[in-house]
């Protein structure tokens, strides 16, 4: 079997029917022409923010990571492993893609430990066992995996989806694409940077050009490139006509290498 490709979905993708239609059409196009197995990894930050607002609960972030108190983890699990995961599964069904909805803990695919007590139920992701996902891929299924994990003590954990995707790609020996709202990393003038190294990223973070959630995204991509020993792509799902080429290794956003 060819090396799988992990596609991490982020941004407002889950909120936009048009975006989901474009993405799944691109997935179908790719799967028709290529043998390479695909694995979808997702978070659902926008969905969680919306739910928090409806329930009048505060959203607190620390260094771009969501603080998850004990009284919110059940709600976040429901939003990510429930609504977000099954929404994506529904789109797969609609496009005749055989898919399976999972979380990080299924088959111990990604191991999760407590990241920082101050962040509450926020987990640190590390590579786990590839057995379950490889079995599904060999049988022709496309796994759709949420960023909810479980510690060995049985605690539910919210994991940053970029970091979860990195651990998943490491588990599977897979390439990784981080799909989001932006067409890659932008310079001070809003222009896309095609190639990015760790040195260049540190420079742009120090200059305040890369900020907030994008710092987490860039660091996740750099961590991924380091641990996987191969470049990682950050790209936008908005350019749907270019997605099959991206899935086939053509850089359309920012390619990050160490």
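Backbone N, Cα and C define each Cβ position, glycine as well.
Annotation source Swiss-Prot lists site 'Transition state stabilizer' at 8 (among others). Counting only same-chain residues at least 6 apart in sequence, those with a Cβ under 8 Å from the Cβ of residue 8 (site 'Transition state stabilizer') are 40, 41, 42, 161, 162, 165, 176, 177, 178, 179. In three-state terms derived from DSSP, residue 8 (site 'Transition state stabilizer') belongs to an extended strand segment.
Reduced to three states, the DSSP call for residue 44 (substrate binding site) is coil. If you look up Swiss-Prot, you'll see 44, 45, 66, 158 marked as substrate binding site, on the strength of sequence analysis.
Counting only residues at least six positions away in the same chain, the Cβ atoms of 205 sit under 8 Å from the Cβ of residue 211 (ATP binding site). Secondary structure from DSSP puts residue 211 (ATP binding site) in coil. Taken from Swiss-Prot, the feature ATP binding site covers 181, 182, 183, 184, 185, 186, 209, 210, 211.
When Cβ atoms from all protein chains are considered, those within 10 Å of residue 217 (site 'Transition state stabilizer') total 24, not counting its own. Annotation comment: Swiss-Prot describes 217 (among others) as site 'Transition state stabilizer'.
Note: the substrate site is recorded as 44, 45, 66, 158; in the same chain, 43, 48, 76, 79, 80, 147, 160, 161 also have Cβ atoms within 8 Å of that site's Cβ centroid. Taking Cα separation as the measure, residue 66 (substrate binding site) is nearest to 217 of the recorded positions 181, 183, 185, 209, 217. Compared over the binding-site residues 45, 158, 181, 183, 185, the count of CB atoms lying within 10 A of a residue's CB peaks at 158.
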